[in-house]
Amino acid sequence: MASSSSSVGGDTVNKLVTILSIDGGGVRGIIPATVLAFLEKELQKLDGPDARIADYFDVVAGTSTGGLLTVMLTAPDKDGRPLFDAKDLAKFYIDESPKIFPQKDSIFSKIGTALGMVTGPKYNDKYLQSLLRRHLGQTKLDGALTSVVIPAFDIAHLQPTIFSSFQLKNQPAKNALLSDIAIGTSAAPTFFPAHYFETVDGKGGTRAFNLIDGGVAANNPTLCAMSHVAEDIIVAGNGDLLGKSYMVISIGCGTSSNPKGKYSAKDTAKWGILNWILKGGTVPILDMFNAASGDMVDIHLSVLSAALGSSHQYLRIQYDQLSGSAGSIDDCSKANLDKLVEIGNELLGKKVSQVDLETGRNVEVPDEGTNADQLAKFAKQLSHERRRRHNELATAKT
């Protein structure tokens, strides 16, 4: 809704700040892709077939596979419109994931892959790199159609690196190619190699980036996006954070739910290094980091939205009952990909839920209907807000 060079904080027309956030989760990105297709369809019912997600959000944030979805939704095509329609995102994953995560069927190949993960990444990123460079070309962060926030982690400095449209004025070296940003935020340890690239810092020098998956720092980037919005408001000289309303849609890639617990202290007490990084085809330590990061953000956002008087404007959509292969980040079998699409559609029909601050578990919210109901309601608000802004700008010009 805002160009990537605009300031949310300095724009008096933007009384409602709209934020879309997408978690990381590998091939499970099909789940939020399915949800986003529904949201865009609702917007098109209101505003016509040309309506796109990027037209309605001031900020789109994404980590790892969520970062990939973010650039697909916000990168421009040759006509200056979003590169991908939301309805095409799931198909993109179905078509391309098997080439990004090539599966080896024979028992000997699987043993070789497992042994290889001890000394190197499970996959190379050559196909992912060529795919993204082909689609995104030379488009840089400042070319995104709305403001974006994409976390990664720089292993050279052992700290998060956030690629944010809001920081480009003061940190021009972060104006990297969207393809490099997407590759960097998706470089999950043990699965893909770290991604190195350089940018020009605006003073004739260069800056080097040594990136791994943003999920190491913020698998759920919602709080990260809100902090950058808050910083922008303060820097713009309008320190009244409470003077604005916030609409936040945060979409997860699903988590596992086992009433007996996915892991136990009794079992893990016997684990060594290899078990922590490879167990049953998964990477337990990475699963735990991502789950903890996402849940903590959800808890913090529930409290923050209540403090800002925007509880009814914060929608977290997360499937917490993944089991078997559906919980994998790289199972690209046709059966699993089809299952993930089914899960995305099932999630739309589930009751709206929010995190229980006592237990940390998701509980249904009475009288809020389904996730689809809420998305349809949010779509109406997004459409109304967009028309309001257009009308105010048109009035200001006359």
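Yeah, the Cβs are placed from backbone N, Cα and C, and that goes for glycine too.
Predicted, not measured: the structure shown is a model, and the values here were computed from it.
Of the candidate ranges 24-29, 120-125, 198-203, TrEMBL annotates residues 24-29 with the feature motif 'GXGXXG'. TrEMBL assigns the feature motif 'GXSXG' to one of the listed ranges (62-66, 77-81, 167-171), namely 62-66. The distance from the Cα of SER64 (active site, nucleophile) to the Cα of ASP213 (active site, proton acceptor) comes to 6 Å. For the motif 'GXSXG' (62-66), the residues of the chain that approach it from at least six positions outside its boundaries are 21-29, 32, 148, 150-151, 185-186, 188, 213-215, 218-221, 251, 253, judged by C-beta separation under 8 angstroms. Beyond the ends of the motif 'GXGXXG' (24-29), by six or more residues, the same chain brings 62-69, 89, 93, 97, 101, 185-186, 188, 191, 213-215, 219, 252-254, 290, 322, 326-332, 336-337, 340 to within a C-beta distance below 8 angstroms of the stretch.
Secondary structure by DSSP for the motif 'GXGXXG' (24-29): 4 helix, 0 strand, 2 coil. The DSSP breakdown of the motif 'GXSXG' (62-66), given as helix, strand and coil counts, is 2 helix, 1 strand, 2 coil.
Across all of the motif 'GXSXG' (62-66), the predicted model scores a mean pLDDT of 98. Its Cβ taken as reference, SER64 (active site, nucleophile) is surrounded by 33 other Cβ atoms within 10 Å in the chains shown.
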